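Everything on this sheet refers to the single structure shown next.
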Amino acid sequence: MATQMVNQSTGNSLFCTSTYSNISLDNDMYGLHDLSKADMAAPRLIMLANVALTGELSSGCCDYTPEGERQMAELTTVNDNSFSDSEGDRLEDSPSMDIQSHNFIMEMEPAECSKEGTSENDGTLLSNTLEVEVQKDKRTPSPTDDKYKCVKSKPFRCKPCQYKAESEEEFVHHIKIHSAKIYVDNDSNKKAQGNEADSSISEESDVSKGPIQCDRCGYNTNRFDHYLAHLKHHNKAGENERVYKCTICTYTTVSEYHWKKHLRNHYPRILYTCSQCSYFSDRKNNYIQHIRTHTGERPYQCILCPYSSSQKTHLTRHMRTHSGEKPFKCEQCSYVASNQHEVTRHARQVHNGPKPLTCPHCDYKTADRSNFKKHVELHVNPRQFLCPVCDYAASKKCNLQYHIKSRHSGCTNITMDVSKVKLRTKKGDIGVADVDANKQTENGNIIDKSVEETVKAEKRESCGKAKKSIVNLVDGQVAKKRRLSSTQKKIKTSDARPEKILDKSRKSSCVKRKSDLLENSNDTQTSTV
């Protein structure tokens, strides 16, 4: 806990011994009760302020010299990453900073002071981002002035936004918008020098967000679709629409939401960093969605097909393929699509949209920032996807997935999802694959023929057995006759001839008997008559 003390020295003091012998700046005045030394040493950068009082007194008691100076040192942001929109709003609403407790800096009522020498406590300039300047008043105040009050017109100035305030109260209220924490440190000379160097580098590195610039308000971007969306705001609200500008860089926008979202890039609250790659984000939901790309988790399942996704937006976009909905339309033609990405790609390919992003290593140009980052990563780290089983390294994730499915399909320790990867045959392996296929087909044909022959033989045997059983039931000798040889058949035919003659004689005798019986019956009838 740091406190700026103004102590009385022998014969050399800015304030009299009876009134201002020992003055201490309260930490609650700057809202420092929640800070500790650990916060100062932490990598999270915070706001520093060094308050100093300097001045000179003439040889006459209570006389104010023209060289008298009262200076309040600069309030400087040292890359405060802990700022957020919600915290800034909370600070504006809470009257935690009481500026009335240090009004003695601006109003001093000298009493009995010594006549000897001068005393000077030099303030230290921390940086040149946010600055409070109290200009020297070269005129000699007359005794008619109210208690020798130093009256200046708008001595407080904020460098980033050029804001000027007449009173310290207005300026402190303005400062609360820029920072979340203000710290009073009386030993920050060395830190100030390093911070000045860092701030100069950051100012030199500030570049435009994109080459596409709006002529009406100065809005700039590197994406043509964002520029077209920006023009729609002008068409709706007119040219006098409010423009939100960033006080740290040259970013401008007409949307308050995008402006607050941009401020998080300068003042992130908490950074979520991925342990497997270089990804980081200040939003937990985005971080969770990114982790799913490593684990392969897909909690969002389509109810109409086996499709699954790690993000809800992807599932919503997929459902449009079932419903046939295409709400996104190209502004230059009648092309419609189910998502904005396809419309943007259509505009670049068909209508030759601008491609402001150029690769510094080759002639690659694009308007898509994500594709641009992926392309540059191929130059910086060409093989960043490593196989967990072998020494294989790939430049793209899809290549690694194909490698795992084709070479390590039996490994169970791999967490990467390769279910949607389709294996393909290379050009050099086509001939070998054809020979193997021909051999397999020939072997299959031979096997099929042998199976067919065995089936036919079994069918023949079963049919023969069935026929034999039926013939034996009807006539037991039919089967024997079929088995007789030719000689046996001749013998049987010779033996069968006399049998046929006997049968004929028997038939003739029977006929004679019948005729005799008929004649006898006729005779009896005539006799009776």
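Each Cβ is built from the backbone N, Cα and C atoms, and glycine gets one as well.
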Check: In Swiss-Prot, which of the ranges 60-82, 244-266, 451-473 has the zinc finger annotation?
Finding: 244-266
Notebook entry, point to check: Which one of 1-24, 385-408 shows up in Swiss-Prot as zinc finger?
Noted result: 385-408
Next item on the list: Verify whether three or more Cβ pairs under 8 angstroms connect the zinc finger (328-351) with the zinc finger (212-234), leaving out any pair fewer than 6 apart in sequence.
Entry: yes
Notebook entry, point to check: Apart from its near flanks, which chain residues at least 6 from the ends of the zinc finger (328-351) lie with a Cβ under 8 angstroms of it?
Noted result: 224-225, 228, 317, 320-321, 366-368
Note to self: Let me spell it out: take the zinc finger (300-322), skip the flanking residues so only those 6+ beyond its ends count, and list any with a Cβ under 8 Å from a Cβ in it.
What the structure shows: 289, 292-293, 338-339
Margin query: Which sequence-distant residues neighbour the zinc finger (272-294)? Criterion: at least 6 residues beyond either end, Cβ under 8 Å.
Written below: 264, 310-311, 384, 415
